[in-house]
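What follows is a short report on a single structure.
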Amino acid sequence: MHNVVFVLGPPGSGKGTICAKIQENLNYVHLSAGDLLRAERQREGSEFGALIESHIKNGSIVPVEITCSLLENAMKACGDAKGFLVDGFPRNEDNLQGWNKQMDGKALVQFVLFLSCPVSICIERCLNRGQGRTDDNEESLKKRVETYNQQTFPIIEHFEKSGLVREVKSERPVDVVYADVEKVFDAANKK
């Protein structure tokens, strides 16, 4: 059974940055749903490439079966990890139900790391980060933030009711945010 930490927050809240530090220091493997989807979109001969491309361009959410399959395959490929950081997933109710159906008995959600950050800071970070992502433009960002507010935030509220959410305010400097994140992991691993 794989240990999983879902890492959620608005676009530009620092999910990738914090996950890289956790992976480097705490022996968790970072699996970005978005990166897996972008890689699959680029993969020669991918049966899902065009479909993924259209969802990414529209700022909409890729069908859950595709994302879960990519996550499951990635976990199998590095099975000896202490746990997995699943970044940017689940993003809506459909994702959550699909995960529960497909990963039941295969993965245990330890907790949800919620990186909260004001939207104005998130948008500014995305526009300045220079990752060359096709969806890091103002129009796509506004759609992504709207999608996050309407669909992803209710998922965080769902996990909150189960007592699984650990919120860290991520508008602060990276080292300060990471120090708080490390405390969350220390507390979770003592249980």
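Glycine is treated like the rest: Cβ placed from N, Cα and C.
Marked as ATP binding site by Swiss-Prot on the basis of sequence analysis: Gly12, Ser13, Gly14, Lys15, Gly16, Thr17, Arg129, Arg172. Annotated region 'NMP' per Swiss-Prot: 32-62, in sequence order. Residues annotated as ribonucleoside 5'-phosphate binding site in Swiss-Prot, with sequence analysis given as evidence: Arg38, Ser60, Ile61, Val62, Gly88, Phe89, Pro90, Arg91, Arg133, Arg144. Marked as CMP binding site by Swiss-Prot: Asn95. For 128-136, the entry in Swiss-Prot reads region 'LID'.
In this structure, the binding-site residues Gly12, Pro90 were compared by how many other Cβ atoms lie within 10 Å of their Cβ, and the smallest count belongs to Gly12. Spatially, by CA atoms, the binding-site residues Ser13, Lys15, Gly16, Asn95, Arg172 include one closest to Ile61 (ribonucleoside 5'-phosphate binding site), and that is Asn95. Within its own chain, Thr17 (ATP binding site) has Val174 as residues 6 or more apart in sequence whose C-beta sits under 8 angstroms from its own. Rounded to a whole value, the Cα-Cα separation of Gly88 (ribonucleoside 5'-phosphate binding site) and Lys15 (ATP binding site) is 8 Å.
For the region 'LID' (128-136), the model's average pLDDT works out to 64. For Lys15 (ATP binding site), the spatially nearest entry among the binding-site residues Arg38, Pro90, Asn95 is Pro90, judged by CA separation. Pro90 (ribonucleoside 5'-phosphate binding site) falls outside any helix or strand according to DSSP and counts as coil. Cα separation, Gly14 (ATP binding site) to Asn95 (CMP binding site), rounded: 21 Å. Using CA atoms as reference points, the binding-site residues Gly12, Gly16, Arg172 were checked against Arg38 (ribonucleoside 5'-phosphate binding site), and the closest is Gly16.
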